[in-house]
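Noted in TrEMBL for the protein shown:
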- 106-125: compositional bias 'Polar residues' (COMPBIAS)
- 26-485: domain 'Major facilitator superfamily (MFS) profile' (DOMAIN)
- 106-127: region 'Disordered' (REGION)
- 25-48: transmembrane segment (TRANSMEM)
- 172-198: transmembrane segment (TRANSMEM)
- 204-222: transmembrane segment (TRANSMEM)
- 229-248: transmembrane segment (TRANSMEM)
- 260-280: transmembrane segment (TRANSMEM)
- 301-321: transmembrane segment (TRANSMEM)
- 341-361: transmembrane segment (TRANSMEM)
- 368-388: transmembrane segment (TRANSMEM)
- 394-420: transmembrane segment (TRANSMEM)
- 427-446: transmembrane segment (TRANSMEM)
- 458-480: transmembrane segment (TRANSMEM)
Amino acid sequence: MGRLDTLREFNLLSWMREERQSRKLILVIVFIALLLDNMLLTVVVPIIPSYLYTIDDAAANMAKNHTTASPHTPSGTFQTIVSLYDNSVRVTSGGPMDSTPIPLGQTQGVSSSTSALTPHNSTQPDCPKADDQLLNENVKVGLLFASKATVQLITNPFIGPLTNRIGYQIPMFAGFCIMFLSTIMFAFSSSYTLLFLARSLQGVGSSCSSVAGMGMLASVYTDDEERGNAIGIALGGLAMGVLVGPPFGSVMYEFVGKTAPFLILAVLAVLDGALQLFILQPSKVEPESQKGSSLWSLMKDPYILIAAGSICFANMAIAMLEPALPIWMMETMCPRKWQLGIAFVPASISYLIGTNIFGVLAHKMGRWLCSLIGMVLVGVSILCVPFAKDIYGLILPNFGVGFAIGMVDSSMMPIMGYLVDLRHVSVYGTVYAIADVAFCMGFALGPSAGGAIAKSIGFSWLMTIIGVVDILFAPLCYFLRSPPGREEKMAILPGEAEREELKTEF
């Protein structure tokens, strides 16, 4: 028995050693990391606008109560007495003679007992008026959503070169730790400031996970077609997170509360961290064998900039929708809380379909063409969103938006690695930091600028602006049809090519 146990232990250790080198397991880890990151990214989409409006509305009602009640009435001790004679409510303190009549139409929010006098409140969903308070939520929610992408935008230029120096494993695990802390903060934060801090902290964790994850995949899948397939599968994890996040958040928020969805995500994050510890061994420093091109030299490459621009503007469309669409629905459609998240399901499902189809198909039909069609489709779909009259009218436009962004992402993410192979040194951390910067610029500028635009000129004009921008950018994808390699570049511009070679060597 002792020998049999020893043999089993030896086989288990051998299996563990072999599986650590498996490309498929690395793909699974990156898939799960992107899934959880984007679940946390989108689970707040239906929760935060409604939650912040509830907080602000309660504060406004409390302030109104202080001004409405008698100066001699201590706050929190008044009672309301309905007078059927003159249709007024008398706010009284402890004494029976101390009362102040208030017209019945002005007593909403004074006491929960008066809600029984307005039957429509109990049978209809919450219908906030399109007043200044609700319009101001556009800016607050937009800034909160944009904080994550802004911090990620700042962090990415440091994470890319760091992965070249110490490898991908340690930044990947650091991203898990930071995201876990951010999730716990979301669960127990009850003020705008703490929610803003939690969202910003998530940006640091996302930067580590996405840059290290994509770089790791590009380094283990060296064939261009295999790399495209692998990145398409990994983006499927991103799509699953975007798909599950909004409905999961809205249903849990409606029926359980704000804390529950974040605690569930925290448990899933712990499982992902355990898998990373087991497979990646993040205590080991594994620098790249060759020095990659500098961030500046990659940023000057016009082909990389076009690919990054496609990622940025395509994702900016959905980034503008996330904070503005729930508030616009609250103004025009009077939805239930769970419907605020369900509205994004068509976009999430179609993104998942798009990334899986075009991860394989884009290599055959041409990634430049796939991206060009996707950009046009994003623009047309976004232009159709304001014409929806109810939640069912949002299904087709949102489906088109998600499918088109899936086309762009599954085409441009692999082409970033291909451009580095073709025109620079095959070290991928920095170029995927640029790709993530482009993604983050869309999600930073989208909500922050989108919230202000929606407040000033309206939701319809906001959709028109980003739709037209996407359509106008689309023709630039044609230049990615056959980008010149490094040898061709040296033949055309020998002086510049020699300078780039010297920069790469030193």
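We number each residue from 1, going along the chain as drawn.
Just so it is clear, glycine is given a Cβ too, placed from its N, Cα and C backbone atoms.
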Over the domain 'Major facilitator superfamily (MFS) profile' (26-485), what is the model's average pLDDT?
-> 80
Count the Cβ pairs between the transmembrane segment (172-198) and the transmembrane segment (260-280) that lie under 8 angstroms and are 6 or more residues apart in sequence, then report whether there are at least 3.
-> yes
Could you tell me whether the transmembrane segment (427-446) and the transmembrane segment (25-48) have 3+ CB pairs under 8 A, leaving out pairs under 6 positions apart?
-> no
Using Cβ atoms only, state whether the transmembrane segment (301-321) and the transmembrane segment (204-222) have three or more pairs under 8 Å that are 6 or more apart in sequence.
-> no
Dominant neighbour of the transmembrane segment (204-222) in 341-361, 368-388, 394-420, 427-446, 458-480, by Cβ pairs under 8 Å | 427-446
At an 8 Å Cβ cut-off, counting only pairs 6 or more apart in sequence, do the transmembrane segment (229-248) and the transmembrane segment (394-420) clear the bar of 3 or more pairs?
-> yes
Can you tell me which of 341-361, 368-388, 427-446 gets the most C-beta pairs within less than 8 Å of the transmembrane segment (458-480)?
-> 368-388
By a Cβ-Cβ criterion of under 8 Å, what residues six or more beyond either terminus of the transmembrane segment (394-420) are in contact with it?
-> 214, 218, 224, 227-228, 231-232, 235, 238-239, 242, 292-293, 298, 301, 303-304, 307-308, 310-311, 314-315, 317-318, 321, 325, 343-344, 346-359, 362-363, 367-368, 370-371, 373-378, 380-382, 384-385, 387-388, 426-428, 431-432, 434-435, 480, 483
Within-chain partners of the transmembrane segment (260-280) [C-beta distance under 8 Å, separation at least 6 from its ends] = 16, 19-20, 25-26, 28-29, 32-33, 36, 39-40, 43, 47, 169, 172-173, 176-177, 179-180, 183-184, 186-187, 248-249, 252-253
